[in-house]
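Asks: Okay, handing you the structure first.
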Amino acid sequence: MARPVSERTPAPLLLGGPTGAPPGGGALLGLRSLLQGTSKPKEPTSCLLKEKERKASPPAATVPGPGLETAGPADASAGAVVGGGSPRGRPGAAPGPGLLAPLLWERTLPFGDVEYVDLDAFLLEHGLPPSPPPPGGPSPAPSPVRTPAPSPRPGSCGSASPRSSPGHAPARAALGAAGGHRAGLTSRDTPSPVDPDTVEVLMTFEPDPADLALSSIPGHETFDPRRHRFSEEELKPQPIMKKARKIQVPEEQKDEKYWSRRYKNNEAAKRSRDARRLKENQISVRAAFLEKENALLRQEVVAVRQELSHYRAVLSRYQAQHGAL
């Protein structure tokens, strides 16, 4: 059954604004109302009460928004038709204050936001080893890797953050906990071995300056008994060399060739004796230092053994009371 003509809402009122508004503004208001969502249906009684209050209140000039005219007494009837409901409770699409908000196509999306992520810090956060340095040459300083963060699509209606979604937070927390547990296990492992050559014993050793002078090569660095290391060949016992049998040369055969050869032999013998004496002096000074260091280390070993026996006794009493570990 068709409704009476008085109950039908004219098409311009559904899409248009108040009376006297330009035709373009009415279409824009209708499009805005459709995009912003239809309002909930109002009860006829509430609409009538609002209409009575509007008639009773004095006309006030309001600042119109884009496409809206100033509400006055001349358009009260049009507002009643638009805002008021039909007998069946079907209200018209009345423009509300929410229409003054910026529209979707007027919003600016942050397409230029770029985040900088440190790759090594990201890997360490998740318990992964950092990127290995390139082979050969010193490793360069870690530079931040420019990684563009994912930005939302132009057509998306929500203001999604460019970072990862909250659903990834439990996975990141689990990875962080695993990395921390792995770091704790690594710290409780046996420490790496120490090079014994780099260990220095705290002791006072002041060798005689004359012995150091005899143990040093003239024009070279002073001999240091604390750091000097002898090779295995140098520490091998040297065999006793027998002297060569002397050969008597008559005076008439001692010419220039004989004297030059004898001079060279004497110089070689002198260099050999000096080198042997230098090595003997170095070994003696080094041996004096090692003897004193050995005595000090023996005292430390005795103290460590006493402490070890004490801890073993404590451990045995604990195992006897609470069982084996």
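Even glycines carry a Cβ here, placed using N, Cα and C.
Swiss-Prot lists these features:
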| type | residues | note |
| --- | --- | --- |
| REGION | 1-100 | region 'Disordered' |
| COMPBIAS | 17-28 | compositional bias 'Gly residues' |
| COMPBIAS | 29-38 | compositional bias 'Low complexity' |
| COMPBIAS | 71-80 | compositional bias 'Low complexity' |
| MOD_RES | Ser86 | phosphoserine |
| COMPBIAS | 88-100 | compositional bias 'Low complexity' |
| REGION | 124-198 | region 'Disordered' |
| COMPBIAS | 129-153 | compositional bias 'Pro residues' |
| COMPBIAS | 166-176 | compositional bias 'Low complexity' |
| REGION | 212-255 | region 'Disordered' |
| COMPBIAS | 221-236 | compositional bias 'Basic and acidic residues' |
| DOMAIN | 255-318 | domain 'bZIP' |
| REGION | 257-279 | region 'Basic motif' |
| REGION | 283-297 | region 'Leucine-zipper' |
Asks: Restricting to the same chain and to residues at least six past its boundaries, which positions have a Cβ under 8 Å from a Cβ of the region 'Disordered' (212-255)?
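Replies: Contacts with the region 'Disordered' (212-255): 197, 200, 205, 277-279, 281-286, 288-289.
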Asks: Under 8 Å between C-beta atoms and at least six residues away from its ends: which parts of the chain pack against the region 'Basic motif' (257-279)?
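Replies: Distal contacts: 214-215, 217, 234, 249.
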Asks: For the domain 'bZIP' (255-318), what's the model's average pLDDT?
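Replies: Looking only at the domain 'bZIP' (255-318), pLDDT averages out to 93.
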